[in-house]
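K.L.:
As listed in TrEMBL for this protein:
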type	residues	note
TRANSMEM	B:62-80	transmembrane segment
TRANSMEM	B:92-109	transmembrane segment
DOMAIN	B:160-286	domain 'Palmitoyltransferase DHHC'
TRANSMEM	B:206-231	transmembrane segment
TRANSMEM	B:251-270	transmembrane segment
REGION	B:334-356	region 'Disordered'
COMPBIAS	B:341-356	compositional bias 'Polar residues'
Amino acid sequence: MAETHSLQDLQQPAVSSKVFIQRDYSSGTICRFQTKFPSELESRLDKQQFEETIQTLNNLYAEAEKLGGKSYLEGCLACLTAYTIFLCMETHYEKVLKKIARYIKDQNEKIYAPRGLLLTDPIERGLRVVEVTIFEDRSIGSGR
Amino acid sequence: MHLGVSESMRECEYSQISTRSSTPMETPYKKRTPKKRKWEAFPGRNKFYCDGRIMMAKQTGVFYLTLVLILVTCGLFFTFDCPFLALQLTPIIPVIGGVLFLFVLGTLLRTSFSDPGVLPRATPDEAADLERQIDVANGGTGYRPPPRTKEVVINGQTVKLKYCFTCKIFRPPRASHCSLCDNCVERFDHHCPWVGNCVGRRNYRFFYMFILSLSFLTIFIFAFAITHIILLAVSHRSGFLNALKDSPASVLEVVVCFFSVWSIVGLSGFHTYLISSNQTTNEDIKGSWSSKRGKDNYNPYSHGNIFTNCCAALCGPLPPSLIDRRGFIQSDAPQLAPPTNGITMYGATQSQQSHM
């Protein structure tokens, strides 16, 4: 019991708010997020860093959904094998999603966690939003 | 160091709730609830099989009818017509028939069993955030607000995004809410009772391959069943009616195929047109991009030429399922703390306090 009390004191920051970065549909149905810097993050983060993160994410999603020789080849091959090939092979999209997950983890470690923020991978929110969780200021004290 | 903080923050949330080192009174309470998979708590009206691997609509009666029709007709064809035709003409006929049949079955099952592109419903935090934004936009009048829409300009065309009251999200362009399945589906084409599922972004190509190959199969069986009857009539010189009596299976096949071929070939033709112009059935029926609506009305999603549209629809990258059916339901991620600080996240604390 004492253990949980001390854990709580040291590491459990309360979530003070969440910011949701919505999708940008101006280019159609492709996955893009708005790069507009939310006002709630102004005190915690540089506008440039934020925009860079979102822009990189947008580029990665564009790579996943790109129509090109490689994706067509994959599509045709899949059709010829009656789509059974996906039982043993990952689709190009899934590979890029893994890359995105790694990138977000990396960004969280390097940039966001030290500022008491947490990026949630959009795939966990159905690619609707990029959720940024803002922790209360006392969490910054425990991070170094 | 920072990694340590963020990782342990996350681990701490989960482990705090399920840890054994907390009060013994709390542990049995938490341990008894088995881990559920997300499909078991899915809010839409869908049926799941094979522990979440297979996903279908609620009403599947017509799908079984489709399956029975195909299996019975092909079964009769392979049993009664193929031996004769293989001997009289060429053994390639059953081979081609077999390949077509397997392709039809494969694409049908793939269409029926896969996730059409269902959009998961908004989390409570997201929904609250959107509501706040809408209230601000409406000026918080206190009257019942008008239907919520957002306008966005896509490739020069103004598109209205509608707010879905069930899923609590603004629907992406081309998405629509299926009232039968009670889900918002991306690039919603239509709900097909014959395949027992919605047809949307993720299974449209399988659906198209299904109706296309079924058209070929139907015409194939129709042609060769008639060939069988004619050959019987000619070779045995017993007359046409006797030939029909000799091979009743062929007659049944001809009848089934005759009535199916019009609708299936028609449907294939219609969907070929839709694919080449990059429209959905929904859009075509509503006339969203029809030039009758206005001189400047055009389809903003079309890639410009038929070839690219077809390639994009059929060979483009296959997006993953957004609903993660087989993932385990986790104890809630950090919820926004209510005014009484700390109670939401610390189930442990709460029960601890109540037990103490």
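Using N, Cα and C of the backbone, Cβ positions are placed for all residues, glycine too.
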K.L.:
Residues of the same chain, at least six outside the transmembrane segment (B:92-109), with any C-beta under 8 angstroms of its C-beta?
P.N.:
66-67, 70, 74, 77-78, 82, 85-86, 195, 206-207, 209-210, 213-214, 216-217, 220-221, 224
K.L.:
Within the domain 'Palmitoyltransferase DHHC' (B:160-286), count helix residues (DSSP H, G, I), strand residues (E, B) and coil residues, in that order.
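P.N.:
Reading the DSSP string over the domain 'Palmitoyltransferase DHHC' (B:160-286) gives 75 helix, 19 strand, 33 coil.
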K.L.:
To what whole number does the mean pLDDT across the domain 'Palmitoyltransferase DHHC' (B:160-286) round?
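P.N.:
Taking every residue in the domain 'Palmitoyltransferase DHHC' (B:160-286) and averaging pLDDT yields 90.
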